[in-house]
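TrEMBL has this to say about the protein:
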| type | residues | note |
| --- | --- | --- |
| TRANSMEM | A:41-61 | transmembrane segment |
| TRANSMEM | A:73-93 | transmembrane segment |
| TRANSMEM | A:122-145 | transmembrane segment |
| TRANSMEM | A:152-171 | transmembrane segment |
| TRANSMEM | A:191-210 | transmembrane segment |
| TRANSMEM | A:231-249 | transmembrane segment |
| TRANSMEM | A:264-283 | transmembrane segment |
| TRANSMEM | A:312-332 | transmembrane segment |
| TRANSMEM | A:344-365 | transmembrane segment |
| TRANSMEM | A:372-389 | transmembrane segment |
| TRANSMEM | A:395-413 | transmembrane segment |
Amino acid sequence: MSTTTTPAPSAPTPPVEEAHKETLGTIARDYVTKVRGGDVGSLPAVLGLIFLVIVFTSLRGETFTNQFNFANLFNQSAGVMVIAMGLVFVLLLGEIDLSAGFTAGTCAAVIGVCATERGWPWYLAILAGIATGAVIGLLIGLLVARLGIPSFVVTLAAFLGLQGVMLLIIGEGGTIPYRDDKLLAIMNKNLPVWLGWTLCIVGILAYGLVTYLRVKRRLDAGLGGGSLQLWALKTGAVAVVLLWMTYYFNLERSRNPALISLKGVPIVVVILFGLLVVLTFMLSRTAWGRHVYAVGGNAEAARRAGIAVAQVKLSCFMMCSSLAAVAGLLIASRDNSVSPSTGGSLTLLYAVGAAVIGGTSLFGGKGRIMDAVIGGLVIAVINNGMLMLDQPSGRVYLVTGLVLLLAASVDAISRRKARASGRV
Amino acid sequence: MTATAEETPTTASAEPLLSLRNINKSFGAVHVLRGVDLDIRPGRVTALVGDNGAGKSTLIKGIAGIHAFDSGEYTFEGKPVHVHGPRDANALGIEVVYQDLALCDNLDVVHNMFLGREQTTRALLDESAMEIKAREVLDGLSVRTLKSVRTQVASLSGGQRQTVAIARAVLWNSRIVILDEPTAALGVAQTEQVLKLVRRLADRGLGVVLISHNLNDVFAVADDIAVLYLGQMAAQLDAHTVSNSQVVQWITTGKSDAEPRKDNDR
C-alpha cells in the first residue's frame, strides 16, 4: 500500500480498508457471519450428502459403500449432472429451461444417426450433436431474449416439440443403437491405472499453482482476502479428495477379476471434472461470466451499465442446450442406444432438482457449477441407496421430492434472512 | 460553502461542458420536453428542479443516451455530438447515478464499480487491478464509510450504496456526473455525507447535475438552479442570489413575481 503510506498532511485520506492480517480465525469468523446472514451456498447439500452416505453405509454398508457402487453412482448421475450444469447458467438469469431433457434426447438421436446410420467418425458425430444443441438454444434464446416470451412457456413448447422431433428422428418406438467404440467407451470404459494417477497429480499441482499465484498476487498488491494458510488448507483438501477418489476408482471392481478386470478412473468422471473446471472458470474469471451474474442480479442495472443483456441471455440458453447435448451423449452411451425415453421422464426434473439442491437460487443471480455436481450426487445417492434398502420406488420419489422442497425452502428462507440482515 | 463560493467566479465564465438547445421529446401524444435549453459548466453543481412530471427524468435520460431526443442541439465542449446509447454518453465522460441506484445486489463493491467495463488481462478478469483502482477512487473521494470493497452490495446501507454508485460514476475520468435524487431515501447523517461527496465532485472540476425535490439539499450544494416547468426550462438561476421561496414559486407557477421574465414570448 505504497499509496497510503504518504498521505497529504493537509487532507489525510484514510484507506477504505486496512489490509488487515487475515488469519484462519478471522476467515472462519467471516464465513460463519456469512452463513448466519443467509448466504449458505452449497453447505446444506454437502452436509446432507455426508449424512446420507453415513446412513446408507450403516444400513447397507456391504452393497452401498464399495468401489463398484462408487463408480456406479457417477455413471448413474452423469447425465443429470451435466444437464444441471447447463441449467445453472439459465437459472442464474432467473430463467428456466424445461426442454433440456429432450434437447439431450434429440441431440443424442442426431449423434446416433450421424455415427451409426451415416457412418461418420465419432468426433464429427459429437460435433453435429452439440451443434444441434447450440441451434436449439439459439432459437429458445431468441424467443426469450428478443421477443420477451417467458422462458417457462417457450421451453414448455420446446419440451413438447423436441419430444416430437426426437420421435420423428428415431422412428416411433424404435431405437438407434450406438456401435462406435469411442462413443460407447465414454460411459463404459476406464482410464488405465497409471493415467488416472497422472491426471490426479497433474490436477492437484495445477490447482495448487493457479490458486497460489492468485493469492500471492493479492498479497503482493497489499490487498486483503488472501491467506497462504487458507490456500494451503484448501489445496490440501482438494489433494486429499482427488487422491482418495483416484485410489478408490483404481481398486478392482469386478466381481470376477480373473475373467474381466474392472478398475481405473471412469472416463466419464474425467469429463465431469473437465466440464466443472472449464465452466467454473468461465463463470468466475471472465467478463462474460460476471455479466451473467449481473443480469441475474439486476437486469436493469446491467443494461444501464452497457451490458448487452439480450446477448448474455442468448449465450446462456445456448450454453444450456449445448451442455444438454453432451448429457444426451452420456445417457445414450450408457444405454448403448437412443430410445424414446432418452432424456425423458424424470431426467429434466432431476437436473433442476440437482441444481437447486446444490444451492443455485431459482430467483437468479446466485449459483455455481459445483452446485450441479453436489446436487446431482445427492439425488443419485438417495435413489441408489434407497433402492438398495429395497424401498418401493414410490417412497424413493417421495423422499426425493421432500429433499427438493427442503432445498427450495432453504433458498427462500436464506433470501428472507438476507433481507432481514440488510442483504436484500 | 463560502470557500466554494469564492472559487466559482473563475469557473462561472468557463465554457459550458455540455449544452442543450431547443430540445424536444414526445412519448406518443405526450409532449414531455418543449424547447429545453440547458448548460452544464465544469466545477459547478447545477441543480435541476421541477415538480413531478416536469420532465426532469426524461431530460437526463436523453442526456445519458437511454432514449434519444426528438429534436434539438446536443453539444459537448462546443462540438455537436450524437448520443444514441449509454455507451456513447459514457465515451463522452457523462455518467448518471440513478435514483434506483442500478447496482447489482449479488455482486461486491468492486464488481459493481467496474460493471460492464471490467478490466481484463488476456481475456481474464484482473481482480487485483480493479480492486486497487476502486480503492484509489474511494480514498480520493475521502469515503470512509465502507469497511471492505469486497462486501456484497446487498449488505450495504442506503448511504453506502449511494456512495458506491457515485464512486462508480467518477471512476471513468468522467467530466459530467448526473445524480438523480441521490438523497431521496437517506437519513440526515447519510444525506450530509452524500452532499459533501457531491460538492467534492464539483471541486474536482467535474460538471455536476443534481436532481432533487429537497430544496434544502439544493441550496446546500448547488451553484446554479435550473427550473423545469411542464416540460419547459422556466429559468436558470444563480443559487447564491435567489431565495428559497422564489425557487418554490418558479417550480409551482413557472414564473416569479419578484423578477418577471423578460423573454416571456408565449
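Cβ atoms here come from the backbone N, Cα and C positions, even for glycine.
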- Item | Cβ-Cβ under 8 Å with the transmembrane segment (A:73-93): same-chain residues at least 6 beyond its ends | 100-101, 104, 151, 187, 266, 268-269, 271-272, 275-276, 279, 283, 292-293, 295-296, 312-313, 316-317, 319-324, 326-328, 330-331, 334, 343, 347-348, 350-352, 354-356, 358, 360-362, 364-369, 371-373, 375-377, 379-381, 383-384
- Task: Could you give the residue numbers and ranges of same-chain residues that sit at least 6 residues beyond the transmembrane segment (A:372-389) on either side and whose C-beta is under 8 angstroms from one of its C-beta atoms?
- Result: 42, 45-46, 48-49, 52-53, 55-56, 59-60, 63-64, 69, 72-74, 76-77, 80-82, 84-85, 87-88, 272, 276, 350-351, 353-360, 395-396, 399-400, 403, 407
- Message: If you count every Cβ pair below 8 Å, which range out of A:41-61, A:122-145, A:152-171, A:191-210 shares the most with the transmembrane segment (A:264-283)?
- Response: A:191-210
- Best-contacting stretch, by C-beta pairs under 8 Å, relative to the transmembrane segment (A:41-61) and drawn from A:122-145, A:191-210, A:231-249, A:344-365: A:344-365
- List, by number or range, the same-chain residues at least 6 past the transmembrane segment (A:191-210) whose CB is under 8 A from its CB atoms? 235, 238-239, 242-243, 245-246, 249-250, 263-267, 270, 273
